[in-house]
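The block underneath contains the structure these notes are about, expressed in structure tokens.
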Amino acid sequence: PAAPAAPAAPAPALSARQVECGGLRDPRCAIQLFGGETAALARLRLYLWDEDRLREYKQTRNGMAGQGFSSKLSPWLAVGALSPRQVAAEVARYERERVANESTYWLLFELLWRDYFRFACIGWGSDVFRLAGPKRALDPGRGWSRDPAVWGPWTRAQTGYPLVDACMRELTQSGFMSNRGRQNVASFLARDLEADWRVGAEWFESLLADHDPCSNYGNWTYVAGVGADPREDRYFSIPKQARNYDGHGTFMRLWLPEVAGFSPEQLARPQSMDPGARAARRYPAPCCVLLMDRTGRKRGGGRAPAAGGARAGRRAGRGRTFRGGSETTQAAPAPAGPAAAAA
Ligand SMILES: Cc1cc2nc3c(=O)[nH]c(=O)nc-3n(C[C@H](O)[C@H](O)[C@H](O)COP(=O)(O)OP(=O)(O)OC[C@H]3O[C@@H](n4cnc5c(N)ncnc54)[C@H](O)[C@@H]3O)c2cc1C
């Protein structure tokens, strides 16, 4: 009889340098990265004009698989190959020539989070690198472990929670992870594993192609509950996030082919997988009991900065006047390059 197909081996770790150089050019990557301003402007043009995706950014931005769900401009913004003013000028032109709606506003709104963390970090100084963060207060009930036995499965994409492992494997393979993914894995490390959040921030720092100290450490303090978040006790329930944002399991199966045979609900709630079937695929059992299962908490759809935040979202809705009280839509003109945008 034919030998059974070998289960997929765990992804090899890439050095940050390999990622910088283009890594494996894995076709599953959300974006193939090339350095420099020319590549940055090409991406801006593709996203806004050629594929006309900006008009639906607000609806798609929480996606996890594929290049088109968000701008993917962060790597070039992080190294200065593209300036936020260039993006803002191009969005303004898009609003004049194509459509001005909540989505066009929302991209600018996300850039404001980038600015916010830069200015906030000036005020916070080195506090943003300390365990207690800018908040300067620690929840004594949490572990804050630096033990590799606690956080090791997270870095190796071996937690036994497919949503977390798929995101972590994507990061290792591609140097990118969606904002939704970053929020989930950060919450998992800080809240479910009760590890020192800085282990995660350092891991991100070593692998993210768009690493930016203010955005990275600022967002980590926010998700870990030691930042400037007005909402206490932010928590992302992994099963709920998997159901809401990867309901068909497309993203999880993309990065974890070894679990492709499980149903979306089994992927969201891996405790429901048959242990024998899981072992046959060499996929690990869950490495921890989730906080929500330890405490019986029901909530878990936490919204972190790029989600706008409940308050920020309300502000955004009020603060923006759309021309004519609703969307202004114009026929899409021929694609135009971003080179004409004011720098
Ligand atoms: C734990 C954690 C760590 C992060 N680390 C980084 C990092 O090192 N570098 C980085 O650029 N972003 C970081 N972010 C923010 C965000 O995840 C990325 O900016 C975004 O996923 C990049 O994809 P995009 O360009 O398609 O974003 P889009 O959704 O298209 O947003 C457009 C731009 O807005 C800015 N932006 C969006 N969300 C945020 C945010 N929450 N905070 C700050 N700026 C934002 C980015 O410059 C981004 O390119 C982090 C978020 C979390 C939760």
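Placement of Cβ uses the backbone N, Cα and C atoms for every residue, glycine included.
Look at TrEMBL and you will find Tyr57, 70-74, 110-117, 210-212 tagged as FAD binding site. The domain 'Cryptochrome/DNA photolyase FAD-binding' annotation in TrEMBL covers 109-288. Taken from TrEMBL, the feature site 'Electron transfer via tryptophanyl radical' covers Trp144, Trp197, Trp220. Per TrEMBL, the feature region 'Disordered' maps to 294-343. The compositional bias 'Basic residues' annotation in TrEMBL covers 312-321. According to TrEMBL, the compositional bias 'Low complexity' annotation covers 331-343.
Ranking the recorded sites Trp144, Trp197, Trp220 by the distance of their Cα atoms from the Cα of Tyr116 (FAD binding site) places Trp220 first. Checking the recorded positions Lys72, Tyr116, His211, Trp220 against ligand 1 with a 6 Å cutoff on the Cβ atom leaves Lys72, His211, Trp220, in sequence order. By the criterion of other Cβ atoms within 10 Å of the residue's own Cβ, the least surrounded of the recorded positions Tyr57, Trp113, Tyr116, Trp144, Trp197 is Tyr116. Separating the Cα atoms of Trp197 (site 'Electron transfer via tryptophanyl radical') and Trp113 (FAD binding site) is a whole-number distance of 20 Å.
Comparing the Cα of Trp144 (site 'Electron transfer via tryptophanyl radical') with the Cα of every entry in Tyr57, Lys72, Glu110, His211, Trp220, these being the recorded positions, the smallest distance points to Trp220. Following the DSSP three-state reduction, the secondary structure of Trp144 (site 'Electron transfer via tryptophanyl radical') is coil. Of all the binding-site residues in the record (Tyr57, Lys72, His211), the one with the smallest CA separation from Trp220 (site 'Electron transfer via tryptophanyl radical') is His211.
Within 10 Å of the C-beta of Lys72 (FAD binding site) there are 20 other C-beta atoms, taking all protein chains into account. Long-range Cβ contacts of His211 (FAD binding site) within its own chain (separation 6+, distance under 8 Å): Ala78, Phe204, Glu205. Cβ neighbours within 10 Å of Glu110 (FAD binding site), excluding its own Cβ and spanning all shown chains: 20.
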